[in-house]
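Asker: So TrEMBL lists these for the protein:
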- 23-46: transmembrane segment (TRANSMEM)
- 35-302: domain 'G-protein coupled receptors family 1 profile' (DOMAIN)
- 58-83: transmembrane segment (TRANSMEM)
- 103-123: transmembrane segment (TRANSMEM)
- 144-167: transmembrane segment (TRANSMEM)
- 187-220: transmembrane segment (TRANSMEM)
- 241-264: transmembrane segment (TRANSMEM)
- 284-305: transmembrane segment (TRANSMEM)
């Protein structure tokens, strides 16, 4: 079953004094939804004005990330917020654990997707910057959407593993949400390690790709002026990508490391532990709250770190004027020759 991992009556009594009040959760969710909607509108507006294939594919990945964050907040909030308002007894409302399994799946799916998309975006920019003349690095819009779909499909398969029998989703403290089970039986240990290590690997892969890309950009940034406009676009994308990576690292790494440590420390118990210690339950809740900030801060990386905003802070990012802008009276035939 999905119950019994924590003392439900104790969690119900302490929830009144916790930060998970209905108004806090509602305001938190609305801020995240509005932020992602605003970022999505800005992304769609920018994508219509672009002709660069590299920039277009990057915006598609960003759009996939924003859509994922928006849907993640919408789906989880639609279950968690009603609980905080009505304080329903989960065992009576969902005796078959279908709602709990759905919420647990949503937590895993919408949690793993941003990490995998961040690694995918970092890899795409790594090959685009270090091999700019290779045909294989030019990703069309259709192929970019296909890659986003593959990431969604893989995360969906990962989230379905407990439903198919590997591990299980259980109700977590203080009784308002469901997530993977940190108890030391074989299925739970395998799934917890798979989820956590895959997330850690995605973050480390993003760090490696982004570090090499930034070093490469620093080396070529002061080259010929003829490619200044392209370099400015590359810098803009890398600033956004590094921002996404930093936020993901701060928000996700504490939870992922905590899952690995908790599971491995409980291995000698050989499955005798039937209930998580209260301190472990509270720490898990704190780390999950940190993770939810990732979905709120991600859209602001693109909103604040666009070239129009960066140019106000760093004026040298303004594109250099071309000869045609300096001599607008030139005849079209002469302009073509030049």
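Quick reminder: no glycine exception, Cβ is built from N, Cα and C everywhere.
In TrEMBL, annotation is done automatically, which means it is predicted and not curated.
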Asker: How about the transmembrane segment (187-220) and the transmembrane segment (103-123): do they have 3 or more C-beta pairs under 8 A, pairs 6 or more apart in sequence?
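Answerer: Contact between the transmembrane segment (187-220) and the transmembrane segment (103-123): present.
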Asker: For the transmembrane segment (103-123), name the stretch out of 58-83, 241-264, 284-305 with the most CB-CB pairs under 8 Å.
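Answerer: Between the candidates 58-83, 241-264, 284-305, the best contact partner of the transmembrane segment (103-123) is 58-83.
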Asker: Could you give the mean pLDDT over the domain 'G-protein coupled receptors family 1 profile' (35-302), rounded to a whole number?
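Answerer: When the pLDDT values over the domain 'G-protein coupled receptors family 1 profile' (35-302) are averaged, the result is 84.
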